[in-house]
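Below is one structure, written out as structure tokens, with a few remarks after it.
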Amino acid sequence: MVTSLNEDSESITVEWIENGDTKGKEIDLESIFSLNHDLAPDEEIDPGPEMPPPPAPTTKVNKIVKNRRTVAPVKNETPAKDNRVAAVGSARARPIQPIEQSASRQQNGSVSDISPDQPGKKDFGLASRRKSNCVKEVEKLQEKRERRRLQQQELREKKAQDFDATNPNYEIMCMIKDFRGSLDYRPLTTSDPIDEHRICVCVRKRPLNKKETTIKDLDVITIPIKDVVMVHEPKQKVDLTRFLENQTFRFDYAFDETAPNETVYRFTARPLVETIFERGMATCFAYGQTGSGKTHTMGGDFSGKNQDCSKGIYALAARDVFQMLKKPNYKKLELQVYATFFEIYSGKVFDLLNRKTKLRVLEDGKQQVQVVGLQEREVKCVEDVLKLIEIGNSCRTSGQTSANAHSSRSHAVFQIILRKKGKMHGKFSLIDLAGNERGADTSSADRQTRLEGAEINKSLLALKECIRALGRNKPHTPFRASKLTQVLRDSFIGENSRTCMIATISPGMASCENTLNTLRYANRVKELDPSRCRRPPPHDTSCPQTSWMTWKQCGEWGVAPQRDDLKLLCEQNEEEVSPQLFTFHEAVSQMVEMEEQVVEDHRAVFPGTSIRWLEGLKKCLLEMTEEVDYDADSYATQLEAILEKKIDILTELRDKVKSFRAALQEEEHASKQINPKRPRAL
């Protein structure tokens, strides 16, 4: 039934009952009249004085017909639109039929059907003007939808131009591009202030290299602001749908792939130079995966296997040291500059400036660590430093890996030492660490690879704990846990000690796991959370000295300080060091100690004692036998005593060799007991 008549909109409102529910609808009068011709009022055409001229000639008619045909496609689209409206419940799907019939008559060429006022066109205008509000809203939504689809199509075409659609990771590449487009970039610039840190941890990202570009690897690292690093880790759901897991880390500084060595040095190592002039100890580490840019950062640019040492942090630090020596307040101190360069490989120390001579690391009665036999070269200028760096780099232990054709396999330590009248005034240690992914090679079938990986793993764990102890002023620093931290003991002990770590990362998706491990390691050193409210782990609240004394009193490890520190180190890193891995580290440490003792006794017995034996026979016993009336009883007694002494020495050496062989077998057995699901590499 009709409930109301709306004169303004020329429509009526009707209601009816359907299945017990009252329903309503608004219908315009034109639709009603088009369906019920008997109800339509008679239209009178008033021929006024403004009547248009008579019909034009045939050529004119043809032109009008042509113009009408160009509008036809628009009319053909109208029913489709009205059908969609009818599906929603509108009753405006049919008023177009009279117009279409009128248009068809005009297309047939009947001139008499074309009235002066063109009523068909007038009806079409009224129909479009009298659409209901519901239809208008639907048409607006349709226009927005079509406009949005057009924009999406243009965006897809633009992306197709920017990216290579043949890349197998094209989908991930588009996700990363979309995510980066939503970020606000504020990268680090040279105008930013330099903050003072006792412990500075920063990250440097290198660009994609030629190998990664050739295999179409993706850049999954983003550095939006000066202290934040984001990793876009590709993952896959159970239904094989790929997605990104974006992980955020915060450090003191973050350098993108465009930052040169000079910029990195300005914010990291340069603030430490003044420390050594103030009787302090400064340390700068380069840490990361093989091929991530550690040696490039510390030593300089590479051109194949040739390195430009003048652009590395080694040379830049030496340049500033000599510049500060010219300042009046330091010039009067009459300081002398010395340099040393050595490497630590598989727990052994080698002098890179003295034909890789093997050195011994000892601790004197004052608990001062001494590297016996290490050469210190006096340097007068930066050119002298560059020559020493070239000599050391040329003989550093390296090898070919899947990541790098010239990969460093040892920790290289370059030290700039200031001395005043022979006494140490300050020391700056610059360390290029070995690749952290080698720490996972602790279960290799090759013993040398196992020892190499075990030493790297242990030294990196010890380094992390020593830096944490320095930053938190802990009463005990486990520097004896590894040879690296033992040599650098002075850098972790004392109030005037400062440390900087440069974590270098590879941007490629293939290196994503190692990159995350590097960032997690660097994050644990200082623990700067993006939310700036992270609390220290629970185990840090306990006093390490108490635990160390407890183990010592229990007698589990005897009195060896290095074993106590190793135990402490593994206890503080339970999530990274399994019990089997700890047993393996213990076996390796014992084996290395036995090896040093055997080699030392071997050198003492055969070259030295044999010469004394021959000299003693020549001067004493053999000369005695040349006499006519020599005392044969005395000769036999002395010879027997010398032989017994010699036998005792050789027996002791033989026992040590047996113990060394047992240690080798124990290391072999321990390496096989490591859980295959071992902790990730540092």
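A Cβ is built for glycine as well, from the same backbone N, Cα and C atoms used for every other residue.
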Listed range which Swiss-Prot flags as coiled coil, given the options 62-97, 206-241, 350-385, 638-673: 638-673
PLDDT averaged over the residues of the coiled coil (638-673): 82
For Lys294 (ATP binding site), the number of other Cβ atoms found within 10 Å of its own Cβ: 27
Site of maximum Cβ density within 10 Å, from binding-site residues Gln289, Ser292: Ser292
For Gly288 (ATP binding site): DSSP state (helix, strand, coil): strand
Count of other CB atoms lying within 10 Å of the CB belonging to Thr295 (ATP binding site): 25
